[in-house]
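Encoded as structure tokens, the structure appears first; notes follow it.
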Amino acid sequence: MFKIIKCNQINNKLINKKIEINGWVKKIRNHGKVTFINIRDRYDEAQILVSDEKLLKITSQIKMEYCIKIQGKLNLRPLELVNREMKTGELEIIAENIDIISKCNELPFMIENNNNASDNSKLEYRYLDLRREEQKQKIILRSKVIHIIRNHLTKQDFLELETPTFVKSTPEGARDFLVPSRIHKGHFYALPQSPQIYKQLAMIAGLDKYFQIARCYRDEDSRGDRQPEFTQLDLEMSFIKKENIFKLIENLIFTIFKNSLNITLPKKFKKITYKDAMNIYGSDKPDTRYELLIQDMSKALKQSPFDVFKDTLQNKGTIKALIIKNQAHNFSRSKINSLEEHAKLYKARTLYFTKIENNEFTGGIAKFINPIKKTLIETYSLKNNDIIFFIADLWETACKAIGQIRIKIATELNLINKNIFEFLWIYDFPLFEYDEDTQSYKAAHHMFSMPQAKYINTLESNPSKVLGEVYDIVLNGTELGSGSIRVHTKELQQRIFNIVGFNDKIAEERFDFFLKALEYGAPIHGGIAIGIDRLLMLMTNSNSIKDVILFPKNSFAASPLDKSPSKISDEQLKELNLTIENK
């Protein structure tokens, strides 16, 4: 009898024992009277030695990635043939039986080295790409992380609840994916962009601790880090404050990293307000792995004779600056021009600069800076070979543009430590933002977030000044998740709907069922949703969330694997009472 085992179960205790393993041919080497086969399964790989003449005839038919069954006796390898790069490198199986379970066509790319394969090819043959150790381990880690999440939250009395997948269309910013109803002709379901309303209904039901590994769907324009369907950890709690969410998530993420990567994170994460994040880092999702802090030079440059600075300050703008210490020699004119063009992509009028050489400001706008050089040098401890970049504009534009320059410079100067994980909470977000195109307010996060108490009575008088009980969690410059304390009264929810342009009639049409529920004793509640795909992308240092999704779509929201989306038959269209108009 042969004992069926996996490759990782091969060990010295099985020497001289008869064993059977099944897997895929990773490598095959024919040495005439002896053939060596490396077989791979999910767990590891093993070497097979074939010397029997009858079996050699079979191995002559075997090619890479054939699925095979091997039966044989486990032996120690000769010392000189030990492979230290393999976990099972001291052992090999002397083949007694070989069965070809199934053959493999000519490969579209090499499994072990598919760097030359196109992204579309790897997606079309994703089942082959997943045989690569690196890709396989990412998917295994995904399973492990989700298991840790479930265990951790269940131990804390959370209920894993499933919210509907077919819901009423209540657009949350992106377009809904719509599903026509055959029974209710002319009516449509939507696939949920998030379980937001339904988890709030669960709180109203008294199910005070909810979580879900939720599938979400958004019909967004193509972008590299987006997928039309994605997975998030969605959770909600009743009778809490935001600090309860912070503590819960910090403990959860600490457990995830410790139990999956054996990395010990700080027990508490840094916290910073939205305004400070914008002022110091130029981003509401800052990367804090490197310093390179933004300076507000509005006061210091007030006496500069430069008209652009004067006009900006007179028009209630600001002057933001980046000081790059001892690096002026690394910034050629062409590199500075490139940075200027980069700043303009983020609506800045331009990017100004000056360098310090021989205790004088030189280049760029030096002639406008030298009259106040003593003040600047003393205030900012400037030295020779420093270079300063300036953006003068309205506050938000100046912050965002100089923030993007910060990222670009840090990348080009290799200032980013890619071996650390810097988590950060951002809070005190504006509840609303003004859309210049539509001349109206919209929710900065979503319409169900609670205003801070001090703004509730004067909500409508100046919506752009209102701060919300809203928070984001950021990892290495990527927004991982967003949450808030929720509105729990119908009256306040209707006021917020009105501010974002939903009058009572529209609000009733779209959210009547939710507004009704708010009249039946809703508790104080709040929660968060964390992108599992993004978290895993960062944990594995991947370039895209596609790497950590089992069968992802490409950047055009299409699947090269199954060729979806696809046309449907005229019969199906007729059943759904749909017609296609060609325009």
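Each Cβ is built from the backbone N, Cα and C atoms, and glycine gets one as well.
Predicted, not measured: the structure shown is a model, and the values here were computed from it.
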Select from 196-199, 244-247, 256-259, 344-347 the stretch of residues annotated by Swiss-Prot as region 'Aspartate'.
196-199
Which of these, GLN227, GLN493, does Swiss-Prot say binds ATP at the same site as ARG218, ASP219, GLU220, GLU479, GLY531, ILE532, ASP533, ARG534?
GLN227
Counting only residues 6 or more past its boundaries, what in the same chain has a CB within less than 8 Å of a CB in the region 'Aspartate' (196-199)?
161, 163-164, 167, 170, 172, 210, 212, 234-236, 446, 448, 511, 514, 527
Out of the recorded positions HIS31, ARG218, HIS445, ARG486, give me the one sitting nearest to GLU479 (ATP binding site) by CA distance.
HIS445
Tally of DSSP helical, extended and coil residues in the region 'Aspartate' (196-199):
4 helix, 0 strand, 0 coil
Taking ARG218, ASP219, GLU220, GLN227, GLU479, GLY531, ILE532, ASP533, ARG534 as the record's ATP-binding set, what's the max Cα pairwise distance in Å, rounded to a whole number?
20
Let me know the DSSP-derived helix, strand or coil state of ARG486 (L-aspartate binding site), please.
strand
Within 10 Å of each Cβ, count the other Cβ atoms, then let me know which of the recorded positions HIS31, ARG218, HIS445, ARG486, ARG534 comes out lowest.
HIS31
Number of Cβ atoms other than its own within 10 Å, given for GLU479 (ATP binding site):
16
Minimum Cβ neighbour count within 10 Å among the binding-site residues GLU220, ILE532: which residue?
GLU220
